[in-house]
Every structure is written in structure tokens, then in C-alpha cells.
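This report refers to the structure that appears directly beneath it.
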Amino acid sequence: QLTTNFYSTSCPNLLSTVKSGVKSAVSSQPRMGASILRLFFHDCFVNGCDGSILLDDTSSFTGEQNAGPNRNSARGFTVINDIKSAVEKACPGVVSCADILAIAARDSVVQLGGPNWNVKVGRRDAKTASQAAANSNIPAPSMSLSQLISSFSAVGLSTRDMVALSGAHTIGQSRCVNFRARVYNETNINAAFATLRQRSCPRAAGSGDANLAPLDINSATSFDNSYFKNLMAQRGLLHSDQVLFNGGSTDSIVRGYSNSPSSFNSDFAAAMIKMGDISPLTGSSGEIRKVCGKTN
């Protein structure tokens, strides 16, 4: 039901408006590209790509922003809200927040040197959000390979899609609380890498939990295939990263992406399109929010 030209007459300047908003945000803070990409991922895995993650909590409404996977780590809301304001000025009441997020995720990847793809649009915005669904549906950094495969399979994404999409960890940062167990307790880790990461992540739980480390030690603000090379050298930061190359069924996919940037880029773009197709609201379902943080 989604098409690439859904707004071509109703909002002809949409793509350029989103692109310029992303460009200024990511040039002033390169990490923001990863943050926006992650927002889209966390949106799509909870009742589909419906903009539900963008709804702010109120006294009478509990949404997804304070679910475990998002609290203190989801960011980029202001960037999306600012882009939405600019789009509203140009085409009031036409473009959904869900679509703006989908386009911004693509623009973030491109801005950091990654592949381009045509974003399908026509999604509408959810009128509700579910903290419980966010807690249960978003893949966790502690997951095993089989759990990751199941989690992606539940939303129609293949094992290959899962490995390609994990390659998004070529950009962005992770908090110590999410890699502490790996750098202190696991053995399938490069020793020098473990020591380096321990420096900014104290062993004691609760100590330095929010300290950040780059998911890709080589090029944290370049969208490239070095994430996969790191996995082959046992320098995956999260448990859920290293399980992709640990003697299991996905080793060959990691090896392939490590050898061929072009095959990673094309598979990543295809998987992003598939992820963007998860359970959209279309037709008369949902609404077009006036502001992304609250329902109309």
C-alpha cells in the first residue's frame, strides 16, 4: 500500500525539507544520524512503523519512550519534531510523523556515507502507543543468536535481514550498562579491546552506567562495513553483536559483508525497505498528527 510517490503532488518539497533538517542536525552532531536510525527501528518493531515511539508520556498516557529499551537512550525526538514543523509550514496536515521518521532514517544513513534507497511512504500515525509492547518486542543487547533470529522473524525479517540491519552498528554509541557483562565476563573478545572498553565502564553495576563507547571502534561516524570486520576480530561491543560471528549459522553472512561493502550496502537498503513495510496504518486508519509528540 505504501508507494515512493505518495506525496509527490500533495507535498512536493517534502524530501528536500526532511533532508535539510537531517543534514543540519547530523553535521552539528554526527551521532544524531545513528540516533534517528535507531528511533525508526524501535518504532517499527512495536506495532509497526506508525510513529508511536514519538508520542510523549503525559499524566494520563504512558507511551514507549520510557520503556526499558528507550529510557535514557532514545534520542532525536527534537530533530524529528523540528522537521515536522517545517513540513507543516509547507504542507499543513498532509505528512505523517511516521513517514518523516522513515525518510529521516534514510537521510541519516546517506549523510554518514551509507547507501541510498527510495523510501516508501503513505503511513499514518498511531493514536496509541504501548510501553508493554516496547518492552517485549525490541531486541535486547543480551540476546542469543536464536533469540535475535526469532525476534526479527516475528516481524517478517529474515536472518540475513537481521545481520544486515545489525550492521547499523557501524555508527553510534552504546551505554556501559549494555556492554559491561561482555567486556568483563566473555571470552570470545579481543583482550586489548576488552581492556580498552573496561576503562570507561567500571565493573560495579550502577557505576558509570551511562558512559558511552562507539559500537564501531574504527569509524563510529562513517557508515561502512567495518562493523563486520570488527566482529571477525572479536571486537563486537555488545553480546548481540558478537553472536553474529561466533561459530554459528550467520558467520558466513558476516564474512561476506566483511569482504564486500557493496553486498552489505545493497542488503542493508533492501532490509530497511522491508522493515519500513512492517504493519503500516494506511487509508483511514490512524491520523496525520499536527505535532509528533501528541495525538490530535
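Just so it is clear, glycine is given a Cβ too, placed from its N, Cα and C backbone atoms.
According to Swiss-Prot, the protein carries these features:
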type: ACT_SITE; residues: HIS42; note: active site, proton acceptor
type: BINDING; residues: PRO139; note: substrate binding site
type: BINDING; residues: HIS169; note: heme b binding site
type: BINDING; residues: THR170, ASP216, SER219, ASP224; note: Ca(2+) 2 binding site
type: DISULFID; residues: CYS11-CYS91; note: disulfide bond
type: DISULFID; residues: CYS44-CYS49; note: disulfide bond
type: DISULFID; residues: CYS97-CYS292; note: disulfide bond
type: DISULFID; residues: CYS176-CYS201; note: disulfide bond
type: CARBOHYD; residues: ASN185; note: N-linked glycosylation site
type: SITE; residues: ARG38; note: site 'Transition state stabilizer'
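Annotated features taken from Swiss-Prot, shown on the structure.
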residue : record                             : Cβ neighbours (10 Å)
ARG38   : site 'Transition state stabilizer' : 24
HIS42   : active site, proton acceptor       : 22
CYS44   : disulfide bond                     : 29
CYS91   : disulfide bond                     : 15
PRO139  : substrate binding site             : 20
THR170  : Ca(2+) 2 binding site              : 29
CYS201  : disulfide bond                     : 23
ASP216  : Ca(2+) 2 binding site              : 28
SER219  : Ca(2+) 2 binding site              : 17
ASP224  : Ca(2+) 2 binding site              : 19
Residues near the Ca(2+) 2 site, THR170, ASP216, SER219, ASP224 excluded, by Cβ within 8 Å of the Cβ center?
ILE171, ASN218, ALA220, SER222, PHE223, ASN225, SER226, TYR227
May I ask for the distance between ASP224 (Ca(2+) 2 binding site) and the residue listed as 'active site, proton acceptor', taken between their Cα atoms and rounded to an integer number of Å?
22
If we check Cα distances from SER219 (Ca(2+) 2 binding site), which of the recorded positions CYS11, CYS44, PRO139, CYS176, CYS292 wins as closest?
CYS176
Can you check which residues sit near CYS11 (disulfide bond), meaning Cβ under 8 Å from its Cβ, same chain, 6 or more apart in sequence, and list them in order?
VAL87, ALA90, CYS91, VAL94, VAL95
Test of understanding: give the count of other CB atoms lying within 10 angstroms of the CB of CYS176 (disulfide bond).
19
When you rank PRO139, THR170, ASP216 by Cα distance to CYS292 (disulfide bond), which of the binding-site residues ends up on top as the closest?
PRO139
